[in-house]
Every structure is written in C-alpha cells, then in structure tokens.
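As structure tokens, the structure follows; a few thoughts come after it.
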Amino acid sequence: MKIDLKEKILWHAESVDFVLKKLKTGERGLEPEEAARRLLEFGKNSFGYGTERTLFRIFLGQFKNPFVAILVAAGVISFFLSDVSDAAIIMFAILINVVLGCYQEGKAEKAFHSLRMALEEFAYCIRGGKELCIRRENVVPGDIIVFRPGEKVPADVRIIESRDLILDESVLTGEALGASKKPGELPETASVFMRTNMAFAGTVVFSGRGTGVAVETGSCTEFGRITSLVSAKTEEPTPIQNELKKISFVLTAVTLGIVSVVFLFGTFFHELPLFQMFLVSVALAVSAIPEGLAISVTIVLAVGMQRIFRKKALVRNLFAAQTLGSVSLIATDKTGTLTKGEMRVSSLLTGVGELLHEGKRYDKSFLGEKENSHNLLLKIALLLSEAEIENPEAALEELVIHGNPTERALVLAAYEAGFRRETIVKEYPRRDFLPFDSGHKFSLAIHSDEEEKKNLLFALGAPEIVMKGTASIMLDGKTERFTEIRRKELVEEVNSLAGRGLRVIAAAYRPVEEGLIGSEPIASFQDLIFVGLIIIHDPLRADAKEAVQVAYGAGVRPVLITGDHRLTAEAIAREVGIIRDGAEGRVADGIELDLVTEKDFEREVSDIDVYARVTPEQKLRIIEAWKKKGAVVAMTGDGVNDAPALKHADIGIALGSGTDLAKEAADIVLLDNSFAGVVAAIREGRVIFENIRKILIFLFSGAFAEVILVGTSVFFGLPLPLLPGQILWINLIGDSLPNIAMVFEGGDGAIATERPEAFRALFTRKMFFFTALFVVVRMAFVISVFFYLLYAGSSIGYIRTMMFVFLGIDAQFYIFGMRNFHKPFWIVSLEDNPYLLPSAIIGTVFMVCAVYLPILSKTLDTVSLGIADWGLVALYGASALFVLEILKFSFFKRRA
C-alpha cells in the first residue's frame with residue numbers, strides 16, 4: 001500500500017480519521033511486511049547529526065594555524081638548501097605543536113562524547129494488532145505509537161487517544177511546564193507551541209497514557225528540520241584565527257620583502273656569491289619568523305581549556321577558548337541556565353497569611369495544628385497529585401519523583417513539611433478521583449475523614465475556576481463568608497503573581513454526603529470553602545544574579561531568549577537583573593518579531609532585552625542581527641530549538657544536561673549548567689587573549705631584534721652576526737621555557753572589568769610601536785657592541801657567540817616585565833606564576849650549555865666566553881628590563 005506524502009500536510013489541522021486514512025493504517029497498526037516496505041521507501045528514522053571529529057580531522061585542523069604553515073615552508077626551504085640541522089629543528093617545533101594540539105582537542109572530544117545522551121533506542125508501537133518494542137530508527141509513517149511515562153517520543157505523532165497525557169516539550173519550546181495532549185483538531189495557523197494534538201520527536205512523556213500515529217519521521221520531523229538548520233552552517237574562523245592569519249600575512253609579506261631587498265642588494269651592490277646570498281636570505285627569514293609562536297599559542301589555548309574546565313565548562317576546540325574573551329553579548333536561555341530548571345513551591349498563601357517555602361523545612365509550630373490552613377493546603381496538594389515517589393523512604397535530598405513538573409513540586413513541598421502520603425491516605429482514604437486536565441483546569445477527589453466520620457470533596461486547580469464556586473474561606477480552623485471584597489483582593493493577588501511569571505494553584509473543599517463525583521464535575525463547584533493558594537516557580541540559580549552583574553561589569557550585555565511566555569520571561573529578566581532596576585526594559589515576542597522587516601529588525605535588535613515565545617528560526621535571526629551590528633555573541637541553550645542559534649553564534653554554549661543536538665552544535669559545554677560558568681569562562685578567555693598578546697610581543701621583540709641585527713650586517717656588507725642554527729636555538733630553545741611559562745599567567749583582577757573591545761585586536765598599532773621602540777633601544781646597544789668587536793679585530797666566532805648570548809640571555813631578564821603591562825615587575829608576585837623563575841633559570845642554562853657543551857658548541861659554532869663577557873651580558877639583560885619598564889610606564893596607563 002503505497003502512500004503519497006509529497007504534498008505538505010498540516011497534520012494538526014486534520015481529523016484523526018483523515019490522518020489514519022491518508023497513512024493507510026488503523027488500530028491494528030501496520031502489518032510487518034508493510035512496515036518493512038515503508039522503511040525502504042522513507043528510510044531510517046534518524047536525524048543525521050553527531051558526526052564524530054576523528055583524530056585525523058583534529059590532526060588536519062592543527063595546520064589551520066597560519067604560523068604552522070609558515071614553519072612548514074621554512075623547514076622545506078632549509079631542507080632543500082641542504083641545511084638539514086635547521087630543517088630538523090623547525091620540523092621538531094611543528095611536531096610539538098601538532099602533538100599538543102591533537103592531544104588537547106582529542107582529550108576534550110573524548111570527554112564531550114562521554115556526555116552525549118543518545119535518543120531512546122527503542123519505541124513501543126502496534127503492528128499486526130500486537131504491541132511490539134522496536135528500534136527507534138525503524139519507526140515509519142503509519143506506525144501506531146504507544147505512549148508510556150518516561151519514554152521519548154520516536155517521531156512526530158498525531159494523537160489518536162489520550163488519558164491524562166502530559167509531555168515535556170522543553171527541548172523544543174524551552175518551557176519547563178508539561179504540555180497536555182488531546183486528539184482534537186486545531187486551526188491551521190496553530191504554532192508548534194500550540195499544537196496540543198501533536199507529540200514531537202525527542203520530547204518525553206511525563207505522565208499519562210495514550211496512542212498516536214507516526215506522521216513524520218527522520219529529517220521530516222520538527223526535530224529533523226531544526227537539525228538541518230544546524231548542518232547548513234559552514235565553519236567560520238574565530239576572531240583569534242582571523243587575527244593570527246592577518247599577522248601571519250603581514251609577517252610573511254614583510255619577511256619576503258626584506259629577504260628580496262637584501263638578496264638583490266647583496267647580489268648586485270656587494271656582488272656577493274649567489275649561494276651565499278641564499279644562506280643569508282634563509283638566515284633573515286628564520287630570524288623574522290618567531291618559531292616558538294605556534295607552540296606557544298597552542299599551549300596557551302590548551303592551558304586555558306584546562307582552566308575553563310576547572311570552572312565546569314568543557315571547551316571542544318582550542319580557538320573557541322580565546323573567542324570567549326572578546327564576547328560582548330550573552331544571549332542566554334532561561335530554563336536550567338538562569339533558573340534551576342525544576343518547578344518548586346515558593347510560598348503558600350491563605351487567609352491567615354503567606355508562608356514562604358524557598359526550599360526550606362516548614363516551621364512545625366506553624367503547621368502542627370490539624371485545622372491550620374497551610375496544613376490542609378499541603379494535604380490537599382498531596383492527595384490530589386498523581387506524581388509517584390520511587391523511593392519514599394529515602395532522605396528528602398534523594399527523593400526520586402515521577403510525574404509532571406507541577407505535581408512533582410506539590411509532592412516535594414508536602415514531604416518537606418513532614419507529611420507522608422501513606423499517612424495522609426490512611427487519615428483521608430480516597431473514595432473517588434477526577435484527575436487534572438488542561439481542558440477543565442482542575443482536579444477533584446472525594447476522601448473520607450476517618451476522625452470526623454464524613455466525606456470531604458477536595459478541589460485543586462486554576463484560581464479562576466476554584467474561586468468561582470467558593471462561598472466561604474478558612475481562617476485558623478474556622479470559616480468565614482467569602483465576601484466580594486476579599487474575592488476581589490485575591491483576584492488582584494493572583495493577577496499580580498501571574499504577572500511576575502509565577503504559577504498559581506487554588507485549593508478548596510466542602511463536606512459532601514455522596515462518595516462519588518457526579519457526571520457533571522463542574523457542578524461540584526458550589527459552596528466550597530477556600531483554603532488557599534499555592535505559588536509555584538522555577539527558582540533562580542543561587543549564583544545567577546551575581547553572574548549577571550559581573551557580566552555587566554565586564555562590559556558584556558546579557559539578553560534573554562526563550563520559548564517561555566512573555567510575562568514569565570520578563571519577570572525572570574527583572575529578577576535576575578538583565579532588565580536593571582529602574583529600567584523600563586523592552587520585551588518582544590515571536591509574533592512581534594515576525595511583523596518587523598529585516599532592515600528595521602537589525603536597527604531595533606539592540607533595544608530589546610527579552611525575546612519571548614521565539615521559534616528556532618527567530619533565535620537564529622536574532623543572533624545574526626546582533627552579529628551584523630558588530631557584537632561577538634555567545635549563545636547558551638540546551639534544547640533542540642536552541643541548536644541552530646548555538647551553531648551560528650560566535651560561541652555556542654550548551655548545557656551538559658541538554659540534548660545531543662545542542663551539544664553537537666556548541667563550542668563549549670557547561671558541565672554544571674550555570675550562567676555563572678559562562679561569565680567565568682569569559683574571564684578565562686580574556687586571560688588567554690592577554691597571554692597570547694604578551695607572548696606575541698615577547699617573541700616579536702626577539703624576532704625584530706634578530707632581523708635588525710642581521711639586516712644591518714647585510715646592508716653594510718659585513719659578516720653575518722648570527723647563523724641560522726643559532727637563531728633557531730634562541731627562538732626554539734633559549735626563549736622557549738620563559739615563553740611557555742608565560743601561558744600560566746592568571747591575569748589580574750582588573751581584566752574582568754575591561755571592555756570587550758580591548759580583546760579584539762591582538763597586535764594593535766600601539767603594541768607595534770611599543771615593541772619596535774623597545775627593540776630599537778636594545779639593538780642600538782647590541783649593534784654598537786657588534787661594530788666595536790668587529791673593528792677591534794675580534795674573531796668572527798667570538799663576535800657571533802657574543803651576539804648569540806646577548807639575544808638569548810636578555811629575554812630571560814625582560815620576560816619578568818612582560819607579565820603585566822600596567823604594573824612594574826617588582827609588584828607582580830612571582831607566587832602568582834611559580835613556573836616563571838625556574839624557566840628563566842633553565843633558559844639561561846640552555847644558553848650556557850650552547851657555549852660550553854662541546855657537541856652543542858660544535859653544532860652552533862660558538863666559542864668559550866670569559867667572566868667579563870658574562871658580566872657585560874648580565875648588565876645588558878638588566879638594562880633591557882629597565883628600558884622595558886620605562887616604555888611600559890610611557891605607553892600604557894596603569895589600570896586598577
């Protein structure tokens with residue numbers, strides 16, 4: 001039986017009979033043979049995401065670093081010029097860089113995949129009149145799906161029948177509240193949020209039972225459609241990759257320019273041999289390239305990833321760690337990030353006052369009397385809740401409660417107050433029960449009061465329904481008339497609570513003669529005694545408010561993007577501080593956003609603080625609009641609905657408890673789901689950025705010095721002051737340990753209050769002039785010594801050794817001044833970076849070994865030096881540090 005599904009069908013707008021007829025199925029389900037045929041026709045019910053980054057892909061990714069490419073080119077040139085030792089040193093540097101990068105990213109990828117939670121492997125469906133358990137991927141259109149509590153929905157399903165069926169759709173909508181499902185038809189215009197007759201792939205059954213027919217599978221589901229938005233995004237280079245690419249391009253162009261000029265100048269002006277000029281050109285190229293930079297950047301990012309990991313965030317690739325530092329906007333989800341993602345009772349409101357809950361034990365003296373209003377309110381909540389406790393004997397903190405979020409909150413509140421279901425049921429045995437339904441918005445039950453020997457009807461539900469039937473109110477065990485004034489006050493209170501994004505449930509009761517609920521349950525709502533209101537909310541995480549303020553203090557603007565209702569979203573934004581005290585704040589929902597043209601939207605996006613009731617496409621549109629305005633955007637989310645925006649943001653941050661698709665789309669995974677973790681990671685990103693900047697200046701200081709020294713000698717037709725091998729030793733060995741030790745700098749406190757713009761450009765014009773002036777002052781002394789020794793008749797071996805030691809040792813001194821450009825080195829504690837002093841000492845030892853160790857001395861063409869020579873070198877090193885401090889004071893304002 002071939003079925004035609006080429007045309008787009010709005011399944012939610014069609015009757016159940018039409019849907020079953022269209023899919024050629026019925027209550028017996030598909031026959032096994034027909035199911036097998038449809039599997040071939042429609043393909044497997046899979047969503048096409050989650051391609052693992054193999055070690056080979058990670059390996060190839062290391063060569064995207066432009067400085068690695070430059071090193072490869074330098075190594076190849078050295079090899080073809082038969083300079084095997086230089087080529088070997090360069091290739092060794094490349095190997096270290098690639099191995100470190102592969103190790104760190106491979107480790108992160110392994111940790112990431114250990115967090116992945118695949119969709120349910122199995123689904124329950126009816127085939128050939130029998131209920132079967134089949135693999136999720138084998139579900140086909142026309143399968144009759146059986147819903148069970150705790151199971152994931154395997155496909156997009158049109159509801160056929162339901163009994164108290166509640167689904168958790170937060171992965172699609174972002175709402176923590178359960179969604180009630182019924183089979184009735186809906187208008188064609190009903191959005192995904194409003195399709196109460198549809199169950200979508202990836203959502204979870206909270207409670208209840210039901211059946212439905214699979215109408216869409218695989219990439220045709222709502223889940224699959226969102227997945228396609230994620231896969232449509234091509235990888236873009238991070239800001240630091242763009243910066244390094246720009247720097248490497250300039251460096252390559254300048255190096256080629258200098259080498260070309262020197263080559264032509266030496267060949268035609270000084271008439272030097274062609275091969276000799278090749279060697280000179282290689283020496284210049286080697287001196288201009290900071291060979292240690294690629295390794296250092298990799299290590300900085302790797303160490304930064306580890307720091308961020310200690311803040312409970314897992315970075316999936318190295319360069320994403322730095323991008324955090326330049327983030328100027330955090331687009332955050334609500335549920336699970338700002339809030340705990342679980343409904344809790346916040347307070348109880350009765351005629352005798354309000355009792356705050358806030359997750360604490362109730363005051364027994366306040367609840368001890370049987371007639372107490374708060375006492376009865378909790379008992380009614382416990383008796384009428386269908387949530388089940390898996391381990392009722394466990395401690396409160398270890399209770400496992402199954403059911404929809406609201407009923408779980410009611411049961412937990414009662415247990416925290418000291419009540420136990422088995423005890424209350426003995427006190428009030430159940431006679432009849434009508435469960436809550438989203439249609440009539442209330443639940444009813446008749447229980448026997450064993451002590452008073454009478455039946456009581458309990459009502460729990462929407463305040464507007466319950467209060468309509470109330471005639472009196474309970475006050476400290478007595479009842480008084482429920483006056484219109486009191487009713488009006490309560491209605492205003494309910495509206496106020498709802499306006500703050502809180503959920504309100506009312507409870508009432510009355511004595512009854514009968515033991516059964518009538519055929520017209522609504523008729524029971526008369527002469528009720530009002531007991532009180534239960535206020536439920538999704539509480540803020542303890543660190544959320546402070547984290548938002550820290551973000552503002554760092555110049556990073558937080559905005560809220562959620563699928564939740566407008567009032568709830570605005571209330572949370574005000575409570576957490578996204579909309580600041582006294583500020584009017586602007587809230588826009590999905591309907592409003594659809595009415596705004598693209599041009600106007602890009603102009604107005606920065607005026608909006610809260611985006612509510614938005615679809616995945618709208619989230620994507622918001623992110624792209626902010627990026628067009630020049631913002632560096634970090635997006636947090638956990639659901640399928642967040643995945644496209646996570647992928648398109650500059651930094652996508654998924655919650656560790658989120659869906660697979662969200663985590664696959666993200667650059668970073670928050671292991672503890674906390675917004676504070678985002679802010680902490682941004683600070684660490686800034687530390688990474690500053691450390692890379694310091695290393696750039698440190699290495700370019702050495703590279704520029706070598707270029708000036710070698711270039712000066714070539715210009716005047718003098719012997720080379722340094723050989724290529726000596727330059728490589730300085731760059732890769734002598735400077736390497738101090739340079740690598742710099743990656744462990746933790747940043748000062750002021751880094752958290754800098755503007756994000758300070759972390760956009762790695763090497764600014766000011767940095768260039770600072771570095772150039774520092775190099776020129778140092779080289780004025782070194783070149784003077786070079787000329788003095790040359791014209792004093794010293795041997796070329798001695799001169800080269802002195803130049804070699806000068807440039808290798810001075811870095812061991814001025815590295816201490818490079819730690820902080822806003823403070824002098826003597827007030828920056830060495831305890832903050834215990835690796836720096838030992839690394840400088842070892843770096844000095846390496847330079848000494850290069851002079852005195854025979855095998856190194858022979859390889860590097862160095863000669864022994866005397867005490868006076870080393871004294872001059874030490875004096876020069878101290879002078880370099882002194883010059884650096886003067887220039888720091890002149891160029892950079894001291895920050896607090």
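The backbone N, Cα and C atoms fix where each Cβ goes, glycine too.
Residues annotated as domain 'Cation-transporting P-type ATPase N-terminal' in TrEMBL: 10-83.
As annotated by TrEMBL, transmembrane segment applies to 63-81 (among others).
The annotation transmembrane segment is assigned in TrEMBL to 87-103 (among others).
Residues or ranges marked as transmembrane segment in TrEMBL: 249-269 (among others).
As annotated by TrEMBL, transmembrane segment applies to 275-303 (among others).
If you look at the transmembrane segment (695-716), the same-chain residues 6 or more away from its ends with a CB under 8 A from one of its CBs are 247, 258, 262, 265-266, 280, 283-284, 287-290, 292-293, 296-297, 300, 722, 727, 730-731, 735, 738-739, 742-743, 762-763, 767, 770-772, 774-776, 778-779, 782-783, 786, 803, 807, 811, 814-815, 818. Sequence annotations record features per position, and here TrEMBL assigns transmembrane segment to 695-716 (among others).
If you look up TrEMBL, you'll see 768-791 (among others) marked as transmembrane segment. Away from its own ends, the transmembrane segment (768-791) comes close to residues 697, 700-701, 704-705, 708-709, 712-713, 718-719, 721, 798-799, 802-803, 806-807, 810, 872, 876, 879-880, 883-884, 887, 891-892 of its chain (Cβ-Cβ under 8 Å, at least six residues beyond either end).
When Cβ-Cβ distances below 8 Å are used as the criterion, the transmembrane segment (797-815) is approached by residues 698, 701-702, 705-706, 709, 719-723, 726, 729-730, 734-735, 738-739, 741-742, 778, 782, 785-786, 789-790, 836, 840-841, 843-844, 846-847, 850-851, 860-863, 865, 869-870, 873-874, 876-878, 880-881, 884 of the same chain, each at least six residues removed from its ends. Summarising the annotation, TrEMBL assigns transmembrane segment to 797-815 (among others).
Non-local neighbours of the transmembrane segment (835-855) in the same chain are 729, 733-738, 740-742, 744, 801, 804-805, 808-809, 811-813, 815-816, 819, 862-865; each lies 6+ residues outside the stretch with a CB under 8 Å from one of its CB atoms. Taken from TrEMBL, the feature transmembrane segment covers 835-855 (among others).
As annotated by TrEMBL, transmembrane segment applies to 867-887 (among others). Below 8 angstroms of C-beta separation, residues 770, 773-774, 777-778, 781-782, 785, 802, 805-806, 809-810, 812-814, 816-818, 824-825 of the same chain, each at least six residues beyond the ends of the transmembrane segment (867-887), sit close to that stretch.
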TODO: Could you please provide the mean pLDDT value for the domain 'Cation-transporting P-type ATPase N-terminal' (10-83)?
DONE: 78
